[in-house]
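These features come from TrEMBL:
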type	residues	note
BINDING	CYS448, CYS451, CYS488, CYS491	Zn(2+) 1 binding site
BINDING	CYS457, CYS460, CYS475, CYS478	Zn(2+) 2 binding site
DOMAIN	216-385	domain 'Helicase ATP-binding'
DOMAIN	461-668	domain 'Helicase C-terminal'
Amino acid sequence: MSRIAKVAVDLSLDREFDYQIPDELVSTVEIGSRVSVPFGHRHVNGFVVGLADESDLDELKPISQVLGEKSLITEPVMELARWMSSYYLAPFETCVRSVLPAIVRRKSRGEKKQLTVSLVNSNAKEAGNLICEDLTDKQRAVFQCLEKNGTMLLSELIAAAETTASPVKSLEKKGLVHISSESVYRDPHAGVEILKTAPLELMPEQAVALEKIVTAMDAEKPQTVLLHGVTGSGKTEVYLQAISHALEQGKGAIVLVPEIALTPQTVDRFRARFADKPERVAVLHSSLADGERYDEWHRIRSGEATIVIGARSALFAPVKNPGLIVVDEEHEPTYKQDETPRYSARDAAVMRGHRENCAVVLGSATPALESYCNAKNGKYLYVDMPSRVDDRRMPEIRVVDMRLEGQRDGKRGLFSKELVFEIRARLDRAEQTMIFLNRRGFSASLVCPACGYVSECEHCSVKRTYHKARHRLICHLCGDEQGAPDRCPECGSPEFKYSGAGTEKIEEVMAKLFPKANIARMDSDTMRKKNAHREILSKFRVGKIDILIGTQMIAKGLDFPNVTLVGVVNPDHALHMADFRAGERVFQLLTQVAGRAGRGQVAGEVLVQTYTPHHPAIQFARRMDFEGFCDQELEFRKELFYPPYSHLTCITLRGKHESQVEQTCDLLWQCLEQCVSSDVMLSPPVPAPISRVRGEYRWQILLRAEKTGEMTRPVRRAVAAIKKWPKGVRCTIDIDAASLL
Ligand SMILES: Nc1ncnc2c1ncn2[C@@H]1O[C@H](COP(=O)(O)OP(=O)(O)OP(=O)(O)O)[C@@H](O)[C@H]1O
Ligand SMILES: [Zn+2]
Ligand SMILES: [Zn+2]
C-alpha cells in the first residue's frame, strides 16, 4: 500500500504536491480520487494523480478527506493526461481536467450523493388531491412536477419547480414523497425501439480485414491498424465484429466518431448489434444533458457499460480493460481540440492503445497523409478494402466547368444545365438527390455592384455572410451580427447584389426550379432544435424528402441506398484558403461526399460544379485516385518540409494593440532563434492568415522539426525567457496544428 499521494490542486499551478495518506484512507485513495488537502492556511480540492512510497520531503501533511466514493479516472488515462501535458505543452492540471467531463468533476466534488425523489405510491396521487389544500404553493408545484415526470433527480426537481429543497423535505415528512440516494439511469434513447441485428456474412475483403485486426488485438504487443476502406466498403461492419471479439475476451471497446457523424443512424447501428444487453452501450456526445452525461460516465466506471461510442473526449472514458479503440474518419480535423490542451484524439488514442496494450484501428476512406505515411513506413499495419460491398460500383464523378456555363448564354446561374437535368431525371424516377455546399447562409457576402463595397466584420478580417430568412449579416468567426442595410453604406446605391451562395439561397432557387419536389435543408442553422436532425434524416430515409441540401453535416457517414445523385456546388473557395492542407481537405471532402451516392442497387452519379476544374485535388478526386493524389501532394510537402515530413508547431500571439503584438512576437522569435537547434526550421513572425478576430490582432511563428521534442523544449524556454510579457498579449502554442487559420 502506497503511503504518499501526489496531488494536483485546483489552483492552476503546473506542479503536484506530496501528501501523506492517513491509515483510515489507505483503502479509499486511488489514482483519480478527488481529495481535500491542507494548503497553506486553508483547504483546497484536487486530484490524486500518482501514488508513491517515498517523498523528497520529510514532513508531509495528511490528506484531510476523500470526496466521492470512487475514482473517476483510470490509471492509464491519468498517464495519458501526463503525456498530453508534456507533448502539447499544457499545464498538467488542465489536462487532468480535460480527461474528466466538467459535470462529472463537479458532482464528484463534495460527498453529496445524487438524490432522487419519487411519489411514495400511486395512492399518493389521490392523497395529494385530498390534502392539496394543506400544501403550500411551492409544495404543490413540487408535487405536480413529480406527477408529470415520475422519478426525478432532486437537483432537477428543484430547478423544474423553481424552488429549494425545503418544500421537498416537507413533503417527505408528510409521507408523500420518497427521497433516496439510489442512482436512476436515464436512457437518453428511451422510447426508441431497437431491434437486434445479427452479424452480416462478411465480404472477402472485410473478412481479411477483420482477421488482420483480430490478429492485432490478440498479439502480445497489439499494433495500430490503418483501415483504408473506400466509402461503402463496410468498415462499420468490421468494427462491429471486432468489438464482438473484444467482448468475447472479456474486454471493452471505445469507438470515436467525429461529432457531426455522431448521427442517430450511426449510434443505432451499434445499439442494434448489442441490443440483447442494451445497457452495455454508452453514448457520449455534446448534446447530452448534464445528467445524462453523468449517468453514462458512471455506468462506464461501474463496468455496466463496456462499449463506448462518442466524440473526441470519449477517448478518456474509464473503460477498465479496453481490447479495441476505433477512430472512425480518422482524417477529420475535429479530432483536434481547439483549446488547451490542444490534443489530437487520434494521436492520443494511439498513445492510450500503447499504454493499455490494446489494438487501435484508424478507419477512413481518405486517410490523413500523416497516417498514410505511418502505414507505408511500417509504423502502422496497413489494411485496405478497395471495393464496395457487393461490388457496387463507385459513383461516376463529373466535373462541370462553371466558366463555360457562363459563356454559353451570357448569364451565370447557380446551377448548371447538367445538374438541373440530372435532378429532374431523379425526380422522375423517384430517386433521391443530395446537394452539398460548405457554407451556411444565403449568400457569401454582400457586394455593391456600384462601388464594390463588401461588408466586413468590424472585429475580424473576414467578410460577413448574408442570412436571408433573418435579413441579417453575420460574421461566422465571432458571431457578431447586424441588420442588412437596404442601401450600400458606402455609396448609397440601392442595387445590392448577392455574390456567392449559401445553403439558404440554394434551397430557395431549388424550390423555384422544382416546385413539386419536397426539399429540406440541413445545416447548423436549421439543426438548433434537439431532434431536428433525427426527424429530417428519418423523413429522408422513408422517401418523404426528394432533395436534401446541406453543409458538411450531410457529408459524413450517412448511408441512404436511394440517393443516386450528389451535387457539389463550388468547392473552390476552400482551395483558396491560406493553409497548406487546403488541397487535402478538398480531396477528402469530395471523396466523402461522392461516397454518399449509389449505395443501393442503382449506380450513383456525382456532379461537381467548379470554377477551377483543373485543380489536382478536384481531378484526383474525380478519378478516385487516392494514391495519385498522395504522390503529388507528398512531393510538395516534402519539398517544403511540411507534415507528414515534419511536425509543426504554430505559436499565435493575440492582442488588441497591433504594435504590441508584433513587437512581442519579434522578441519571442529572437529568443527562439537563440535556443533552437539546427534541426528546427524556424519561420519569421508573420500576421496570421486571418489577421484579426474579435477585435484582436494575431501574429504567428511556425516551427517545423522531425521530432516534436526538438521544438517543445526551446519553445518552453523562450516563452519563459520573456520576462516582461505585456499584459494585453496572449500566447497559444499549438503542437501539430491542424489548421493555420
Ligand atoms: N458483409 C456485408 N454484407 C451485406 N451488406 C453489408 C456488408 N457489410 C456492410 N454492408 C452494408 O453496406 C453498406 C455500407 O457499409 P458501411 O456504411 O459500413 O460502409 P463504410 O465503409 O462505413 O462507409 P462510409 O465510409 O462511406 O461511411 C451498409 O448498408 C451496410 O449495412
Ligand atoms: Zn456602393
Ligand atoms: Zn467577427
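Positions of Cβ are set from backbone N, Cα and C atoms, glycine also.
Curation does not apply to TrEMBL; its annotations are automatic.
Feature map: TrEMBL annotations on the structure.
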residue : record                : Cβ within 10 Å
CYS448  : Zn(2+) 1 binding site : 21
CYS451  : Zn(2+) 1 binding site : 12
CYS457  : Zn(2+) 2 binding site : 24
CYS460  : Zn(2+) 2 binding site : 21
CYS475  : Zn(2+) 2 binding site : 21
CYS478  : Zn(2+) 2 binding site : 16
CYS488  : Zn(2+) 1 binding site : 20
CYS491  : Zn(2+) 1 binding site : 11
Report summary line: For CYS457 (Zn(2+) 2 binding site) and CYS488 (Zn(2+) 1 binding site), the CA-to-CA distance in whole Å is 15
Query raised in the report: What binding-site residues among CYS448, CYS451, CYS478, CYS488, CYS491 have a C-beta sitting less than 6 Å from any atom of ligand 3?
Result: CYS478
Query - Cβ-based neighbourhood (8 Å from the centroid) of the Zn(2+) 2 site, residues CYS457, CYS460, CYS475, CYS478 excluded - result: GLU458, HIS459, VAL462, ARG464, HIS476, LEU477, GLY479, ASP480, VAL693, ARG694
Query - Cα-to-Cα gap, CYS488 (Zn(2+) 1 binding site) vs CYS475 (Zn(2+) 2 binding site), nearest whole Å - result: 18
Query - Among CYS448, CYS451, CYS491, which are recorded as binding-site residues, the nearest neighbour of CYS478 (Zn(2+) 2 binding site) by Cα - result: CYS448
Report task. For CYS451 (Zn(2+) 1 binding site) and CYS475 (Zn(2+) 2 binding site), determine the Cα separation and express it in whole Å. Result -> 22
Report task. Could you list, ordered by sequence, which of these binding-site residues: CYS451, CYS457, CYS491, have a Cβ under 6 Å from ligand 2? Result -> CYS451, CYS491
Report task. To the nearest whole angstrom, state the Cα distance for the pair CYS475 (Zn(2+) 2 binding site) and CYS491 (Zn(2+) 1 binding site). Result -> 22
Query - Rounded Cα-Cα span from CYS460 (Zn(2+) 2 binding site) to CYS448 (Zn(2+) 1 binding site), Å - result: 20
Query raised in the report: If one measures from the C-alpha of CYS460 (Zn(2+) 2 binding site) to the C-alpha of CYS491 (Zn(2+) 1 binding site), what distance in angstrom results, rounded to a whole number?
Result: 23
